[in-house]
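Okay, so here's the structure we're looking at.
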C-alpha cells in the first residue's frame, strides 16, 4: 500500500484496488491501511477525502475507459472550483459533499452514455451550506472534514459551509453538542449559538443553546476557549470570558450578563491508564462518556485488552488507536459506531 502515499486525489479515485479496499476491505487490508495512515498523518486528510467520495458512490469497479474516468475526475475538480495544485500538496479539506455529488452525477451520466456537465455558474460560487440534524432519541456522531468530531444531542442541528474559509472554520449550532476540534492555529474554529460565538484553536467542549433556553451554556473539558457576545454587525470585539478546562459559562441571550463557575473534577485516573484494560470496558466507558452507542461483538473481543494512555486523544483518535492494537476496524453509521474484529 505504500504506493498510495504518492497518489493524488484523482489517482486514488481512479484506482480499482483502492476503491475495493475502501468498500470491501479484509481485516488485513484495513489494518495495513490504518497503520499506513498512523505512520504518515500528513496523508490522513487525503485518504479520508478519497474514501468518503468512494463510499458516497458505493461503486468498487466502474466500467469506464481510462480517458473517460480522467475526464470525470477533471470535471469533479472543476465543479468544486479548486485551483491547480502540486501533486505533493495535501488536498484542501471540507469539499467532500460537493465532490461526492459530482461523482454520483458524472458516473450516472457515463452509464447512460451521456456526459453533460455545464460550467459552474456565478451562483455556484456562493456559499453552500451543509445541515446535519438529530431527530432521534440518542446522540449522533458527526465527523467534519477537518478531522473534528461533533456529538450532536437529540433535537439539535448544525450548519456549516461545504468549504471552510481559508483562515477560519465556522459552524452554527441550534440545540446541544459536544465538540472535539482538531488543532490548527492557522485556522481557528468558531461556533455560533444563541447569539454567542465560541472561538477555539483545538480543544473539547460542550455548548447548549436550544431556542427555548434563556441562556447559552459553554462547558470546557480540555484546552481553552474564548466566548463572545455576537453583535448585530457580526463583529467580535472583547470576549465576555475566557474559559479553561473544567470551567463553565452561562451567558444570557437578552443581555450581556453571565455566570462563570468551576466544575468539580473527577477522580484521578493516572494509575488506571497504565493498567491493561479489556477493550469491552474501554468501549463501554467511551459510550458512557460521549453518550453514543458503540456496537461490538462481546464474544469475539472478550479476550482483547490494551495498555494505553488515551487521555489526550479525541474520540476518533481513541477508536483508531484501540482498533489498530486489536486488528479491528470501525464504521460510523448515523447514531452508532460499529466495531468489527476477529478477536485476539
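Placed from the backbone N, Cα and C atoms, the Cβ positions cover glycine too.
Note: TrEMBL annotation is automatic and uncurated.
Feature transmembrane segment, per TrEMBL, maps to range 90-112 of the set 90-112, 113-135, 136-158, 159-181. Computed over the domain 'Protein FecR C-terminal' (278-339), the whole-number mean pLDDT of the model equals 86. As a summary of secondary structure, the domain 'Protein FecR C-terminal' (278-339) carries 23 helix, 16 strand, 23 coil according to DSSP.
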